Structures are given as structure tokens and as C-alpha cells.
Amino acid sequence: VLPERLQRREAERQQGVERQRQKKEAQVVKEEQSEFFLATFAREREAVEALLAAGTLEEAAARLQALQKLLTGSVRFLAPYEVRQGQETVARLQGDLAARRQQLQPKKKFAFRALKKEAAPGSVPRPAEPAPLAPAAPGLGLAEGESGGPPLCGFSGAQDEELELGPAELLQQDVLLSELRGCRVRLRGNPNTLRVRDCRGCTVLCGPVSTSVLVDGCSDCLLALACQQLRTHRTRDCRVYVHVTSRAVIEACSGVSFAPYSWSYPGIERDFESSGLDRNSNNWNLVDDFDWLATDKPSPNWSLIPEQDRITCWD
């Protein structure tokens, strides 16, 4: 009996040693992957910055998209603070790219739109036309991670309205929705970025966004969003149907719930192609809460919408 007992103990000891060895090897691999990522990310970031400084914007945009994909594919072995630093860097570069675009191919769009808006009040039938439907939203204070340039289209200050923009108006534009109350917004097309700020009781349905979506200071809203990066700040009691190729981030939020993106419209496949988003990569249920550091308990600030409660028909 004694030798059998000893044999069992020795077998258990060997198994413990093997587990420790595998754990150590996995940790080494993880550290090596992290070091490789950080070196590659820094090199690509410097390349994008150099291209922006030189005014080579199309190449900078392509390298920036590759940088975002590198970050997205590496989140599984990166520490949360490394993911956050990477996301902040990508957001900053996206803002720099938007600002450089406005510097180098400026004010044609703004001058053209402004002239159209100024001409309208000159005619008798048009003075009463509602301002919230104007394509250019007013400049507001910036939230964290927003680009410094003014948005090219959007809606601001409307209440209880049906608001729409189509593919021609949205293509690779920076869109701002701000201070809306009880509105239903349909954005059928492929914007470059989307910001939803200080909205209450609204429904926002948006086609695929090439880069980032920022939701800031909203409450009691329903959102359908497809993007590379989703950041949500100071937001409560919102339902988000999302297709996101990186991990979504929330901060200073409560009562936010998530489900997979399910809105559709004629032409959405074409918009997904032009956006560059990978339809096979959706991390809708992977959310980083920067106010919840515990790893052994789920964050109380967000949840998943049960399948039986998800919206399947949006019309």
C-alpha cells in the first residue's frame, strides 16, 4: 500500500511541476508577443506621423488602418493598460489625419455649404426651414479622443424629429450628432468617424464607420453601430447593438447593455466593403470597463441583452 501511495504522490508532484512549466512557458510567450507588438506598434506609429507631416495622407490612412488591425489582433495577450494606450494613440492619429485633411484640401466643402445656406434665406419661401437638418453641425467643446477639426455633417439641437443622411452625404465624412432629444436618426452610408454627444431618448441607426465611434454624455438611447473602435463615456441606460473589430471601451458609464449589430438597409454590403471592416470579426460581447479593475468579478456597469429581448425588426 505504501509504495502505491508514494507513487501517486510522485505522479501528482510531477503533474504539478509540468503545470508550472507550461504556465511559465505561456507567460514567456505572452511577454515575447507583447514586446514584439510594442516595438512594431511604435515603428508603425512613427511611420504614420512622418507621412502626416509630409502630407502623404492616403498612405498615412492605409498605414493607420493597418495599425488599428495590429492592435485589434493583439488584444488577447496585451495588458489592459497597453490596450488603452494603443487605442488612445490610434484615436489621436485619427484626429491628426482628419485635421491634416482639412488643412490640405480645405474649405471648398465648407465654403460651398455656407454659400448654399446663406443663399436660402434670401428667397421668400425658405426662411422658416428648420436649422437642425443643416448638414454642418456647430462646433462644440471636444470630448476625450475627438479630433480637433469641425465635423462636415450631422445634426444638432433637434427634438422629436426623423433625421436622415444618405451614402453620398456620409461617404468618409466625420459626423457629429449633438444635443438631440427624442429623435430617430438613420445614417445610411459609410462615415469615417461618428460622435454622438449629449443625446437623450434617441434612436441612432448608423451604417459601417471606417474608424471610431465616440458616445459621450448620452442617456436612454438605442444605438446600432458598426466600427473599428467604440468608446463610451459618461453614458447611462443605453442599449447598443454593435459590430466592433476591437474591444469596446466604457468609462464613467452605468446601465449600458450590448447585443450584436443587426440593423440592415439596401446597400449596406457595399458600405461594409468601402469601410474596410471585417464582417467576420465582431467583439460585441468583449467590453473593457476602465472603472472596474477586478478580474474575478464582472463589471456591474454593463451587461449583455438576452437573446429573446433583442430587436430583430428595425422598421
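Heads up, residue numbers simply count up from 1 along the chain you see.
Heads up, the Cβ atoms here are built off N, Cα and C, so glycines get one too.
Cross-referencing 27-49, 73-95, 96-118, 119-141 with TrEMBL places the feature region 'Disordered' at 119-141.
Long-range contacts of the region 'Disordered' (1-24) within the same chain: none, as no residue at least 6 residues beyond the stretch ends has a Cβ under 8 Å from a Cβ of the stretch. Residues of the domain 'C-CAP/cofactor C-like' (150-292) grouped by DSSP class, helix first, strand second and coil last, total 12 helix, 71 strand, 60 coil.
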